[in-house]
Amino acid sequence: MKALILVGGYGTRLRPLTLSIPKPLADFCNKPILLHQVEALAAAGVDHVILAVSYMSQVLEKEMKAQEQKLGIRISMSHEEEPLGTAGPLALARDLLCETADPFFVLNSDVICDFPFEAMVQFHRHHGQEGSILVTKVEEPSKYGVVVCEADTGRVHRFVEKPQVFVSNKINAGVYILSPSVLRRIQLQPTSIEKEIFPVMAKEGQLYAMELQGFWMDIGQPKDFLTGMCLFLKSLRQKHPEQLCSGPGIVGNVLVDPRARIGENCSIGPNVSLGPGVVVEDGVCIRRCTVLRDAHIRSHSWLESCIVGWRCRVGQWVRMENVTVLGEDVIVNDELYLNGASVLPHKSIGESVPEPRIIM
């Protein structure tokens, strides 16, 4: 079985992290976002993953080719010369997707969830129509495009973009399984599968929705990245608690790479991820943060709701909060306060940032 993952975007919403690396390779809970998806697909029996690539495609190809042998699957690249939206890449990869008559998965690269791939295959085969989409319930459906479907069968009737009155609290979760016949509906041109293809399929009774029972988050921007981390760690606590850290100074769900080092009298957690090579000196407090590979947090600093990029250096007695994001190789000098700062790579910060802003 095959899967196509849409990884061609520029990742602008997740800057400054994506100024150094394509978004699918950004570390989420100590593993590239893309690898979370590919590993889940492989575990469900997918043996061929096609990446619809554009931005930084050579970096993506090099990294994922290294994963082919480890995972025992085939990984192919489908190169977009121009942006093709969310449906055009399927037409571009038509020859690869149609090598067999089996249905195939399509994923948005921003999605992290309890991927129910095996259940989706069963659901798709049961209803026997062209397409199945994963939907998830949200508290504020007016912020999204919602899916109106039958409660018992899942048959999709229509899509409503950002409704002002309640029609449904189920939204498109960005994970699909499609029969090859769907490709006849798609031309090789910029096309939206959500706005141009799915509504027609729904009108013809060819589209069904399966509700996700576990967690879900689109982690394409920093605040949602951190929320997704919290949900992922909660799920990890339920399924694989042995992977989480415990011991003195560890509070709640904390994921620590074995190659990270934590000093004495620290308070780490809840909801923290520390990557390989991270050094946390004595007396540091970290809450609801992800600290990426080889970053160094000096003594007595206090971090909450932050993303600390690769190889950053945070000085002593620093306070950072309110979704502060440090790009790669940023230096924050001692005794500074950063409130909602977004700092581009390779900058040295010598004064406090009391109000949210971009540091270029």
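Glycine too: its Cβ is placed from the backbone N, Cα and C atoms.
Taken verbatim from Swiss-Prot:
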- Lys162: active site (ACT_SITE)
- Asp110, Asp218: Mg(2+) binding site (BINDING)
- Asp110, Asp218: GDP-alpha-D-mannose binding site (BINDING)
- 2-222: region 'Substrate-binding domain' (REGION)
- 245-360: region 'Hexapeptide repeat domain' (REGION)
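The Cβ of Asp218 has fewer other Cβ atoms within 10 Å than any other of the binding-site residues Asp110, Asp218.
For Lys162 (active site), other Cβ atoms within 10 Å of its Cβ number 10. Within the model, the region 'Substrate-binding domain' (2-222) shows a mean pLDDT value of 87, rounded to a whole number. As a summary of secondary structure, the region 'Hexapeptide repeat domain' (245-360) carries 0 helix, 51 strand, 65 coil according to DSSP.
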